[in-house]
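As annotated by TrEMBL, compositional bias 'Basic and acidic residues' applies to 219-234. The annotation region 'Disordered' is assigned in TrEMBL to 1-24, 216-235, 379-411. Here TrEMBL flags 33-54, 87-108, 145-164, 184-208 as transmembrane segment.
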Amino acid sequence: MAEEPTGERTEQATEKRMKEVREKGKLSKSQDLTAWVGIGAAAVVIPVTISLGADAGSEQLITVARVIATPEPGLAVAALWEGMNSVLATLGIMLVAVLVAVVVAAAVQGGIQLKKFAPKFEQFNMVTGLKRTFGMQALWQGAKALFKTIVVGVVLYSVIQTLMPTLMASGAHSVTALLGEAAGGVAALLQFAIVAGLVLAFADVFVVMKRNRKQTRMTKKEVTDENKRSEGDPLIRSQRRARQLAMSRNRMIAAIGDADVVMVNPTHVAVALKYEPGKSAPRVVAKGADIIASRIREEAEKKGVPMVADVPLARALHAACDIGDEIPLELYDSVARVLAFVMALKKRGAAAGVHTMAKAASFGGAALVGAAPLPSISSRSSSGMPSSSGMPSASGISSASGISGSAKGLA
């Protein structure tokens, strides 16, 4: 990536800016990482390659001896094709391994950008070229070259020193044995070289990433302008709304564990209610239809929150209330009956699961009205203002509101 004056570029590049830079192929990559990963892959398959090569070489020597003994053109051509196929089969494994390793290393660093290979006018800019030649990047490249030269020199010297006794006594060994010993020595020394090279490569990756961050910095004005442009992008707006909706749903699902009851349709809608005695009327903490309703029911079942199937009441609550709203006055009577029913279930230790109000008969009418009054919650008068009388029971709500008929109809 060409060096550019940063000036007052102190802000980290935005996601949009980084995406544009990647698409243009302007991000630098560590060539050392790609190279050493490829060498490492080659070293892994070298023993297999040499073993296959030794077997193929032995067979070729036998074939050549046969051709010499019987010099026929057809036999010679067949031997030539057999030799070429053996070479391709032997080296093919190594080539495929190296290719896969190089592609993976490039993909980890952002993929292969074909635009990077296109000729650019900047590449012929003398000032930019001088900066690259005498800048910090050139100094780092020189240090890497020196390190690699030292590593390669040490490895070559060690390989020669290790293989010299074997080569001096080569007359006493078969070709297969010589190749096997050579493979073992070379592989061991290559491991040292690869470890050193990978250490250098990861250091180079760190330097390249730091340089990329510096060269992609933005001014505060650029960040502000880009945010303004993004605000007007319909795709950005829809993505933001989707994230906000997902966060809101997650918070809603998390609140179900604190609910006292979940009203269900039984499958189409679900509304979770929470009642805090002495504070306010029952409040909606979660609601939803279809898939969301199913998710609410699953969470309620997992957290042991009782569910009551009441189609009219569930629909009325879902239509009249938003999350965080208190229930409307006209539904006080019906909700009070449900809460009293749930309290009776909890006393019997049978609250979990889905219930219907028809089960109330097994607890007796007194359990719902007289003997199990709701804790005191602020009731409201027909004018919508809180009254001081409280709402101690389902019957009390019915008589105080003056609209018991409609409430009972929902229940």
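Using N, Cα and C of the backbone, Cβ positions are placed for all residues, glycine too.
Just tell me what is around each of these and how deep it sits.
Long-range contacts of the region 'Disordered' (216-235) within the same chain: residues 6-14, 16-18, 21, 27, each at least 6 residues beyond the stretch ends and with a Cβ under 8 Å from a Cβ of the stretch.
Residues 29, 33-34, 37-38, 40-42, 44-46, 48-49, 52-53, 56 of the same chain lie 6 or more positions beyond the ends of the transmembrane segment (87-108) yet place their CB under 8 Å from a CB of it.
For the transmembrane segment (184-208), same-chain residues at least 6 beyond its ends with a Cβ under 8 Å from one of its own Cβ atoms are 28-33, 35-37, 39-40, 43, 46-47, 109, 140, 144, 147-148, 151-152, 155, 158-159, 162-163, 166.
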